[in-house]
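For 240-247, 286-290, 340-343, the entry in Swiss-Prot reads GTP binding site. Residues or ranges marked as compositional bias 'Basic and acidic residues' in Swiss-Prot: 61-77, 89-104, 137-148. The compositional bias 'Basic residues' annotation in Swiss-Prot covers 110-123. Positions annotated as domain 'tr-type G' by Swiss-Prot: 231-400. Residues annotated as region 'Disordered' in Swiss-Prot: 48-151. Summarising the annotation, Swiss-Prot assigns region 'G1' to 240-247. Marked as region 'G2' by Swiss-Prot: 265-269. The feature region 'G3' is assigned by Swiss-Prot to 286-289, with similarity to another entry given as support. Feature annotation from Swiss-Prot assigns region 'G4' to 340-343.
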Amino acid sequence: MRKMRIYEYAKEKNLSSKEVIEKLKGLNVHVSNHMSVIDEKTITLLEGNGNQKQGGSGKPEQQKKAGEKKPAQDHGQRKPNTAPAKANNQHDRSQGSDQQKGKAQDGGQKPKHKGNKNKKQHQKNNNNKRNQRGRGRQPEMNKAKPLPEKVTFSGSLTVGELAEKLNKEPSELIKKLMFLGVMATINQELDKDSIELICEDYGVEVEEEVIIDETDIESYVVEDDPSLLKERPPVVTIMGHVDHGKTTLLDSIRNTKVTEGEAGGITQHIGAYQVTVEGKKITFLDTPGHAAFTTMRARGAQVTDITILVVAADDGVMPQTKEAISHAKAAGVPIIVAVNKMDKETANPDRVMQELTEYELVPEAWGGETIFVNVSALTGTGIDELLEMVLLVAEVEELKANPDRLARGTVIEAELDKGRGPVATLLVQSGTLKVGDPIVVGSTFGRVRAMVNDEGRRVKAVGPSTPVEITGLNDVPQAGDQFQAFADEKKARSIGEARATRQKEEERAETSKVSLDDLFNQIQQGEVKEINVIIKADVQGSVEAMRGSLEKIDVEGVKINIIHTGVGAITESDIILAAASNAIVIGFNVRPDGGAKRTAEQEKVDIRLHRVIYNAIEEIEAAMKGMLDPEYEEKIIGQVEVRTTFKVSRIGTIAGSYVTEGKIVRDATVRLIRDGVVIYEGSINALKRFKDDVKEVAQGYECGITLENFNDIKEGDIIEAYVMEEIERT
C-alpha cells in the first residue's frame, strides 16, 4: 500500500502543504502537520476531490501540461522514498553480497549511482523548499505595522520605548530628534515636550498617565460642579477658658433648642448634635477643649466652620482664652465672641471687649469685624441672638456641599462597645451616607450596618454637615481620621487593607516638621513660604521685644508669622499648637515642663531656648539664610526637686533635694527653675550624700546641693543638670 508524507504529496501536486491540510480537513481527515503520513485511501480521496475541482476550473491545457510533467517527477522522487524500509535494507545487503562475490557489473552499479542521484535531488528539493518557505515569510516580516491611535506614558520614555510604542525603528526617531536639534541615543530619556513633538509629527495623540495612589483617600476627591452645590448647615466649635461656661452654654443651647417640641425624644451623646433655628440647622461639635480641636487639625481634619469664643464677663481674658484665639486663627476660622455670665452683678462686658482688641478681635460697635454677643448660659438670655449670629456668619461664608455623591468626612469620636463592636461618630462633610455603603475610615474599613443620629433615632441616610454614629467597621478608627464611601465593597476592602498594611509599616508616618536645622533646605525646595513661631517668655516685656525683633527679619520669599505668645513655662498645650501649625517654639528665660518635653519629642517639634534676645534673632536669621554654624545640643542628664533648705554660716544655703529624673553630676552645669522661669544658671559648688562628698547621685536618692555664688533657693524649686554636646547639622 502506497504511503507518503503530506509535504511530499504537496510537492508532487505542485501545491502548498497548507492547501493539502485544508483539503484534508474538508474531507474530515485529521492531520497534525505537514510531516503527517497519509495512506493510499486518503490519497485517492484527495485526488478525487482535486479532480472534481479541476474539472470545473475550465483550464484543460494547464491540466494536460501538468499531467505530462508529473510522471518524470514521480520516477525521480517517489521510487526511493516510497519504497518500504525493509526493501531498502534488503537491496543494500544484496548489493554488498554482489560486491563480495566480485560481480562488479554495470547492472550492479546502477542502483548505487541512481541512489546517490536521488539523494542529491532530494537535498536540492529540500533546499528549494526551505528557500520558498523563507521567501514566503519575508514579506510578512518587512510589512510595516500601523501607527497607534494614542501613545500613553508616565513621567518620561526612552527613545527605544517610544519607538516600540509607535511601531517604528529607533534609528528613525533618532533622525527626527537630530532635525529637532536633540542628539539622543536609544536609551536616552525624553521629556514630555520631546515626546509630544515626535508624536505630533506622526499624527499620533499623546496622553500622560497620572499615577494615583489608591490608598490615598484624598485622591478620590473630585471637584464638584458649582451648579450641584447646595447650602449646608455650619459646623460650630465652642472654645474658651476653664470655668467660663463652655459646657453650660452647650447644655443651654441643647436644652432650649433640641428638647423643645420634641417631648419624649431621647438625646444621645454622640460627640455632636444639631439644633434648628428659623428652619435652618446648626451642627455643634461637643468637644470643648483645645486639645481635641487641635489634634484633629494636626491630622489634617478641618471640620469647624465657625468658632464661638466664650469669655466670662466677670473674669475677662485668661491664658486659655489667648490659646483659643491662637488655635482659631491658626485654623483660619471666623470667631464669634460670646460674653458669658451676664447675669452676675460683677459682669463688665466693656472690659472684655477692651482686652480682646489687643488680640485683633475688635467689636463691630467699635468699627471692627468681630461679632460680640452678651449671653447668660444659666438663664438662657442671648442664646437666640447668638444662634442668629451663627447663621449670619454661615450665610456670609457661603457654606455649600454636593449631597448627590458618595459620602466623605471626618471621625469625631470612636470607641469599642462591648455589645456593638467598633462604634464611630462621623461628620459627613459632603455627599450622602447610607446604610449598607462600603466605607474606608482611616486604616479601617467595613459596611455601614446601622446609623443613629444625635436624637438616638435610627436613620437610613444623612447628608452634609450631619453627625451620625455608625457600626459595622472592622476596627476602631482614631478621631480626625478621614472617611470615604465607595460603590464597590471589594474596592473598599482592598483599599482598607492596603492602608492598614501601610500604617503598620510606617506606624502613622509623621509629617515633616519645620526645624531651624533644616529650614534653609526647605526654603530652597519651596516647601516653606511662611515660618510659624510661638513665643514664650518670663515677662510680657520680653515677649513684645522678641515679637518686634522677629517681625523685622527680612529674608526674600519667606515671612515670619507669630501665631501665639505667652508668659510662663512652655506647656504641653503650646507644643500641641506648634505640632498642628507646624511651628517653632522659642522660649526666652523659660523652660518646657515635663509633659511639654515628652510631647515635643513625640511630635518632633523644635524648641529653641535662649537667654539673650539678640542670640535668638541671630539664630533664626542665620537659619533662614542657610548659614547656621555647627551647634551644641543641650542634653538634660537629671532633675532634682528641692524638698527643704538649710542656711549655714560661711557655706550659704544648702538645698536638701531629691533626684526625680536621671542623675545629678558634680561637674554638670545646672539651672534653677521656679514656676517655669529660670532663676539661676551656673555650676554646683558642693554635692553631698549625708556628710560625704560624691561625684553623682542617681534617681530616687536624696542629696545636699550648694550652688556657686547663689543662695536664693526655696522649697519647690527644680534644679536641672545638663551637659552641652556638639552635634553635626544635617
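Each position is counted from 1, following the chain as shown.
Glycine residues also receive a Cβ, built from the backbone N, Cα and C atoms like all the rest.
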Grab the same-chain neighbours of the region 'G1' (240-247) for me: Cβ-Cβ under 8 Å, and only residues 6 or more beyond its ends, written as numbers and ranges.
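Here the qualifying positions are 288, 309-312, 315, 318-321, 324, 340-341, 377.
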What's the number of neighbouring CB atoms sitting within 10 A of the CB on M342 (GTP binding site)?
21
Tell me, how many other CB atoms lie within 10 A of the CB of G240 (GTP binding site), whichever protein chain they belong to?
27
By DSSP assignment, list the helix, strand and coil residue numbers for the region 'G1' (240-247), in that order.
2 helix, 1 strand, 5 coil
Among all protein chains shown, how many Cβ atoms are found within 10 Å of the Cβ of K246 (GTP binding site), not counting that one?
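Excluding its own Cβ, the number within 10 Å is 23.
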Same chain only, sequence gap of 6 or more: which residues have a CB within under 8 Å of the CB of D243 (GTP binding site)?
A312, D315
From the DSSP assignment alone, can you count helix, strand and coil residues within the region 'G4' (340-343)?
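Per DSSP, the residues of the region 'G4' (340-343) fall into 0 helix, 1 strand, 3 coil.
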